[in-house]
Amino acid sequence: PGRVRVAVRLRPRNAEDLLSDADFADCVELQPELKRLKLRKNNWSSESYKFDEVFTGTASQKRVYEVVAKPVVESVLSGYNGTVMAYGQTGTGKTFTLGRLGKDDASERGIMVRALEDIVANVSLASDTVEISYLQLYMESIQDLLAPEKTNITINEDPKTGEVSLPAAVTVKVQDLDHFVELLQTGEGNRHAANTKLNTESSRSHAILMVYIRRSVPEKVEDDINSQDRITKSKLPMVRKSKLLIVDLAGSERLDKSGSEGLLLEEAKFINLSLTSLGKCINALAENSPHIPTRDSKLTRLLRDSFGGSARTSLIITIGPSSRHRAETTSTIMFGQRAMKIVNVVKLKEEFDYESLCRKLETQVDHLTAEIDRQQKLRESEKYDLEKRLRDCHDSFNETRKNLVTRSELLEQKNTRLELDIEEALAELNCQKDQNSLLEDKIADLEMSLKQNKQNQLENSTYQKVLADTTQMYEKKIAELMKQLEVERAKSESAEEQLDAMKKLSDEHKKLIQHHEMENSKYQMALADTTQMYEMKITELTKQLEDGHTRFEGAQEQLDLANMLLADYQNSTQGQDETSELRFKLEEMYRLHESTVNELQSLKAEFKDQIQEKEAISEKLYAVQEKLSAEEKRRKAIEHELVNLKKGAPEGDKHFEDKKSYMKENIRGTSVLGTSAILNKSGTLRVTQSAQRATIAKICEEVGLQKIIQLLTSEDSDVQIHAVKVIANLAAEVKIISAELIMVLYTADGNQESIVEEGGLDALLTMLRSSQNATILRVASGAIANLAMNEMNQGLIMSRGGAKLLAKTASGTDDPQTLRMVAGALANLCGNEKLHTMLKEDGGIKAMLGMVRSGNSDVVAQVARGLANFAKCESRAMVQGHRKGRSLLMEDHALEWLIDNCNTTSASTRRHIELALSHLAQNEDNARDFISSGALQELQRISNESSREDIRNLAKKMLKSNPVFQGEMRLGQQ
Ligand code: ADP
Ligand code: MG
């Protein structure tokens, strides 16, 4: 108890956030288990804040009520004043948290309805009363929402008790919850809501629900009063009055963002007045200041007896996830942090403890009694059940017994019948036995005679067998003898036939021999004729051969003669060839001589030219030397002047030295954003940072931005580095520079613009162009990265060749820190669609993709973020119709880069890559690249496996809506 309780609630990402968050990374990260909230300040640093409770986007209305408002409602029911307030940018869910009626869905009911439900349930409407007023504060005028004709209601303050009241406001006695919901609805209908650019439902007015409770005090109190007063007091029963305020504050955003114009500027001033003075009061309360400026505005006057002091107070601050509203989110969080420091002095009475104990015990007793009751009822019903079952058993037993008796009777009857049957059968059996013995005797006789017959038959058969055997033997022998006789006869017949055939054959042979002898003598005559003829022919042929030989010898002689003639002729031609060859060589030598002479002449001419040139150069050198000495003289004069000036202002000089030494000390830290180690002795890092910020702000005020920027061009590289760091800090700390008042914050964000206006950007770019110092390059690119977060600066950076310079810096270094800054800067530039073409032409994309060579995961993360930015902006431009054709990323092979790096371990890098692929897939002109590079498979994987549902859905949508992808996938399945 005692401190103002502050909870923070994050609104879930809405459609607008999803559409316009090219950056994609939320600007806050919740750690509900630690009750902490991390606020991302820029691409690579964040700060952590602790709250009493941290609600994520999924927190239920019921839990929010129970944690934030229920303790306040309970204390109001016990007689203390209490307040529940919601603070935050328009559209972050203040009204959702407080004022939601939940008519259709009871789970959506907000704090107002739930608080009244609790109050109505806890008071007895017979003896107590609950009344409400519903007001709106708009342009420092209070209007009654239950009677809208009443405007400009005045606030009364009781000078003694300090109690605040609004006598002119309507108060309505609440009968039940439905009645209250009706009243709220009427009030809401009357609420004036200016139409802002951010949210058409949003409101710039403060809505205030006041609930007055009057409860009669229990009798016991009268015991303490002495007997004289007793009579009068018992006639006037004691009451306890308390008040609950539920305040839905106006949006905390800067009004120029919501597009205010004309009359609305006046309105802006008044709204700022009430919120600003609330901020001031909170600061004063947080610092325990003796003076709390509650009189400055109507809002703070209304809250006088309900906020801080003796009331119990809960504040819920609402924020959105989008980085677009980083400044508003930051100021909201700082407001909440300050409010957490406010301590209330709520005094607890003893009765309160006793009552609560009593209530607890009572509920316990109630609980136990109910339990006993329930048990008893249970036992009774069990007993009844058992009895019923017993009865049922009894009945069924009787029935079965009856059945058994009838069955045994039946069986007995059957038995007697069977006995009679058996006796009859026995008599018949005896009769049959007698007949049987008679038959047996007869059979014995017949068997005897049968045996005799068999013996006689056996003897007969042996005699017959012997007879048959002897006859068979004789028959066989006769047959054999017959066969032998026939064989002999056949042999004599065949011998006669052979003799006849031999006689015939010898006759034929004799005839054949005579015929052959005649033919032989004929052939011998023919042979003698032919031999004679051949011998004549041979003698003729030998004669012809001899003639040929003599002719051949003549020809040979002629050939030898011809050869001799040919040799003579060849000897005479050789001499002529040699002379022509020599002449040719001579001509060649002559030509060579001429060309060398020519060369010599041209060399001489060249030599002359060079001598002339040398003379000209030495003349120029002399002129430059003269100029140099003049410059030297001028520099000395300026130095002299400087010394004079320093002498003239000794105080200022000391000041300057202080600042210089501070800067050196302050900037020795490692981070660009200055989480330096100074002031370590004096406390926490946060203190250090805010002190540092304050000092930097002071330096800025006193030295003047112009001068710091001039230091950037100093010859001393140390000074240069420090100046850059100061500028880098100013660029990063845009709106958080003054921790004084949230409202003051609105006017203190000029740093970025001033840095740019005063030529800081040009100075930073010059350093990238000409410096070789690694630290300068790193810090300058960090400062540019920070400046590049602002859309206006992005255009300036690009138009001054920033992308080329960043690309050059990236190619010239291997320092991972520098590469990270450069990648961050380029990634920020990717978020501006208008600059895409220029960024690509200046080699920005190539440079980003090339930086992966460093292998540093932070660099890869920045590059992935940049590509996601680029692809997202591009696809948005396509949807809006001012871009067409294949993505600019394709030519630089970004698709291949994305596929190569999509297996990274960093979840956020992977998310960016997946997002980039999904967006690139939206462009139908990229479809061919997707199929040829294998990105289509990656997209399918993303649609199934991405860790984020929205990306999965996006990828699925792209796959489904693109006919080329559909065709390809069908092919793949076949
Ligand atoms: P404010 O009152 O701060 O201007 P609203 O309460 O009107 O903001 O909320 C803006 C929109 O956001 C409304 O449509 C609301 O329904 C929605 N919204 C706000 N907070 C949540 C939440 N926690 N859960 C779901 N929707 C919310
Ligand atoms: Mg609202």
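We count from 1, first residue shown onward.
Even glycines carry a Cβ here, placed using N, Cα and C.
There are 30 other CB atoms within 10 A of the CB of THR92 (ATP binding site), with all protein chains counted. Here TrEMBL flags GLY88, GLN89, THR90, GLY91, THR92, GLY93, LYS94, THR95 as ATP binding site.
Per TrEMBL, coiled coil is recorded for 358-515 (among others).
According to TrEMBL, the feature coiled coil maps to 586-648 (among others). The average pLDDT for the coiled coil (586-648) in the predicted structure is 75.
Sequence annotations record features per position, and here TrEMBL assigns domain 'Kinesin motor' to 3-342.
The feature repeat 'ARM' is assigned by TrEMBL to 759-802. DSSP states for the repeat 'ARM' (759-802), grouped as helix (H, G, I), strand (E, B) and coil, give 35 helix, 0 strand, 9 coil.
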Subject >> For LYS94 (ATP binding site), the three-state class that DSSP assigns >> reply: helix
Subject >> Cβ atoms near GLY91 (ATP binding site) (within 10 Å, other residues, all chains) >> reply: 24
Original post:
Same-chain residues six or more away whose CB lies under 8 A from the CB of GLY93 (ATP binding site)?
Top reply: ARG9, ARG11, THR318
**OP:** Kindly point out which of the binding-site residues GLN89, THR92, GLY93, LYS94, THR95 have a C-beta less than 6 Å from some atom of ligand 1.
**Re:** THR92, GLY93, LYS94, THR95
**OP:** Work out the three-state DSSP category of GLN89 (ATP binding site).
**Re:** coil
Original post:
ligand 2: which of the binding-site residues THR92, LYS94, THR95 have a Cβ closer than 6 angstroms to it?
Top reply: LYS94, THR95
**OP:** Could you tally the C-beta atoms, other than its own, that fall within 10 angstroms of the C-beta of GLY88 (ATP binding site)?
**Re:** 28
